[in-house]
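Pulled these features from Swiss-Prot for this protein:
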BINDING   180, 182, 237  Fe cation binding site
BINDING   247  2-oxoglutarate binding site
COILED    111-131  coiled coil
DOMAIN    155-256  domain 'Fe2OG dioxygenase'
């Protein structure tokens, strides 16, 4: 079921004028009630975005499309007869930016494409950190608090998932990407403005995320829900397949470092913490097997692990 409801679109340029307070309130409301919002006038160069879109689509046609078709045949998905619930209808590859880049390890990327993605990644990293400080301001946290938590000892992790969702002859049989919440911190999505498909779960109904040209869609991951003690939410989202059109998706994940210690911010805890404390890498190990399930059991499992550690401290043997 889909709802006719106004998805939050936020003009970031208004932070510099008389509408700053109103814009900050819109961001806060979106984080509390949607877990998603769409940015316009975000400062990313439109010509850079256009070039990346062109090169991503060209790269898929030249280097990925045939591999995708072979994958369909190998999994028996080229003739869909029954509903498939354990595979996604997508073609993807990943670029890692932080702590170490793999940009020059990816085969078949032109030098122009590499340089554009390097530039785009750096600009998105800056935008992500600016957004984290805006969240701090709305939450009453010290500027830089979220960035510091994400840093760990070696800095945040930052990577980009480049996806194409090709036309599907029977979209009712398979999802482009199954419903899930994102495990990490802040996700910045540059999506196709002509082919839709991204939906989020809002009050029990699936809502389309509108494809707007040159916009950046923001969504919150599980770690921000934990750090804000549930004030801000990560939400379930999915990608629907389409009979026509190849949907491009470039999602960049600004996440905590692997050894970052995640816990609810003290100032956001009234009595008891609703969420566990843990090391980010431990959560990711759990998430790997439970991605397409509800987030609550993951939080509960981490809470149980935390309680077990408190009950069974490591013994210290003193020698004299």
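Note: Cβ is positioned from N, Cα and C throughout, glycine not excepted.
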Considering every residue in the domain 'Fe2OG dioxygenase' (155-256), what is the mean pLDDT value?
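For the domain 'Fe2OG dioxygenase' (155-256), the model's average pLDDT rounds to 97.
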Could you measure between residue 180 (Fe cation binding site) and the residue listed as '2-oxoglutarate binding site' for me? Cα positions, answer in whole angstrom.
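Here the two Cα atoms lie 19 Å apart.
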Compute the mean position of the Cβ atoms of 180, 182, 237, which form the recorded Fe cation site, and then list in sequence order the other residues of that chain whose Cβ is within 8 Å of it.
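Result: 179, 181, 219, 234, 235, 236, 238.
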Mind tallying the domain 'Fe2OG dioxygenase' (155-256) by DSSP state, helix then strand then coil?
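Residue counts for the domain 'Fe2OG dioxygenase' (155-256) by secondary structure: 9 helix, 48 strand, 45 coil.
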Cα distance, residue 247 (2-oxoglutarate binding site) to residue 182 (Fe cation binding site), nearest Å?
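On Cα coordinates alone, these residues lie 20 Å apart.
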Using C-alpha atoms only, work out the spacing between the residue listed as '2-oxoglutarate binding site' and residue 237 (Fe cation binding site) and round it to an integer in Å.
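Here the two Cα atoms lie 16 Å apart.
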Mind checking which of 180, 237, 247 has the fewest other CB atoms within 10 A of its CB? They're the binding-site residues.
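Counting other Cβ atoms within 10 Å of each of the binding-site residues 180, 237, 247 gives the minimum at 180.
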I'd like the number of other C-beta atoms within 10 A of the C-beta of residue 182 (Fe cation binding site), please.
24
